[in-house]
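One structure below.
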Amino acid sequence: MTGAVSLLETLQQAVPLAGFTSFRVGGLAQFYDEPASVEAIATAWQWARLADFPVTFLGAGSNLLISDRGLPGLVLNLRRLQGATFDLATGCVEVAAGEPIPRLAWAAARQGWSGLEWAVGIPGTLGGAVVMNAGAQGGCMADILQSVQVITDQGLETWSREQLQYDYRHSVLQTGHACVVSAQLQLQPGFERSQVLTTTSTNFRQRKRTQPYHLPNCGSVFRNPEPQKAGQLIEACGLKGYQIGDAQVSELHANFILNCGAARAQDILSLIRHVQGTVGDHFGVNLHPEVKLLGEFQDVI
């Protein structure tokens, strides 16, 4: 009973979601909460299930496009669930779901622990990175994840890396039937601190130089159709700078879409579909979005 009372004290209604996403777009959450503990997440999850509400999880709000119409049910923002514990004896790091990935990468580098240098520019949290199998600079979460703690309808469970069925920017967690609350990462301690810091700094500068950080965006919009690069195909179609409303294909990196001020989620989706159609017509390549669509859209063919 105490958990339910506590939830009712923190639960909010009709909360604008644009400020919680890196695109800075999106409508209202029917219900919204920011649980600060695993127990609070479990209570909120159970409440939503009993009410037959869908549950949506947010972290940094990157890699997401939330509809202008908002989201029904309960939105749980896990950004308050932070922290990381480094075990020098084993090289294992226990990380909470809301821990920002760049902060984690810098923390590892400062201790001379290798394995997260690639992640320094990832605009998200640990939970989102685990779900999406985030990656960059030749590394990804699947390389270092050992296990993950999730909340399901059955309660708190521990899943192995094999159970996640990792693939390129994919895991079974994307079905939304489980909520990541923490994960164990296997890193490599004992390196020269200066060496790891140098590699991390180099990766960060490379991302700052080649990717747009000056305007709201979600990170890479499309998966790379290996061995080709989505950005190169989009650029070859002459789409850099192409704009629908205030949504624009970045002139710095064509696999990024920018909110130039007052873009709507629908503008961004329309631009995504235009890019897909143009690349398909020119190269016969079907670009698959890396960004996840949440809510109802008026789709554009």
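Quick reminder: no glycine exception, Cβ is built from N, Cα and C everywhere.
Features of the protein shown, as given by Swiss-Prot:
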{"type": "ACT_SITE", "residues": "ARG169", "note": "active site"}
{"type": "ACT_SITE", "residues": "SER220", "note": "active site, proton donor"}
{"type": "ACT_SITE", "residues": "GLU290", "note": "active site"}
{"type": "DOMAIN", "residues": "24-190", "note": "domain 'FAD-binding PCMH-type'"}
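DSSP assigns ARG169 (active site) to coil in the three-state reduction, placing it in neither a helix nor a strand. The distance from the Cα of the residue listed as 'active site, proton donor' to the Cα of GLU290 (active site) comes to 7 Å. A Cα-Cα distance of 7 Å separates GLU290 (active site) from ARG169 (active site). In this view, GLU290 (active site) is surrounded by 20 other Cβ atoms within 10 Å of its Cβ, with every protein chain counted. Around ARG169 (active site), the same-chain residues six or more apart in sequence whose CB sits under 8 Å from its CB are MET132, ASN133, ALA134, GLY135, ARG223, GLU290, listed in sequence order. Cβ neighbours within 10 Å of SER220 (active site, proton donor), excluding its own Cβ and spanning all shown chains: 21. The average pLDDT computed for the domain 'FAD-binding PCMH-type' (24-190) is 96.
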